[in-house]
Amino acid sequence: MIFGIGLDLVELEQIRQTLERQPRIVKRVLTAEEQNRFYTLSDKRQLEYLAGRFAAKEAFVKAFGTGIGADVSWLDLEVLNEASGRPVMTGPFEGTIHLSITHSDHYAAAQVLLEKRSSDVSTNLDRN
């Protein structure tokens, strides 16, 4: 059963400007493991990587129904890649997190679908 769907779109230029003004954003948004990967990339790929993770985490909190900082922090969420390149998100959700990330020359976007097993979902149906 679908619990929530979230979508986020960010401009790479906005992320680039933020990164130049506030380099600490890397440590605020990316987990230690994500940072390890980030620092192995070229400047162009670093920008795409950071923007994609930023969008993915924003999409998660939209699907979860909260905002960053309220119940979920940036570092509660982690996006790593399988050997195939498929991004996999882990976070404070008891169910399956489906994630898709894409980017172009100017934008990065992510979509998150949160899925719970039907047995995990309580209902208030009247069974008369």
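Just so you know, glycine gets a Cβ as well, placed from its N, Cα and C.
Database features, via Swiss-Prot:
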type: BINDING; residues: Asp8, Glu58; note: Mg(2+) binding site
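The Cβ of Glu58 (Mg(2+) binding site) has 22 other Cβ atoms within 10 Å, all protein chains considered. For Asp8 (Mg(2+) binding site), the number of other Cβ atoms no farther than 10 Å from its own Cβ, over all displayed protein chains, is 20.
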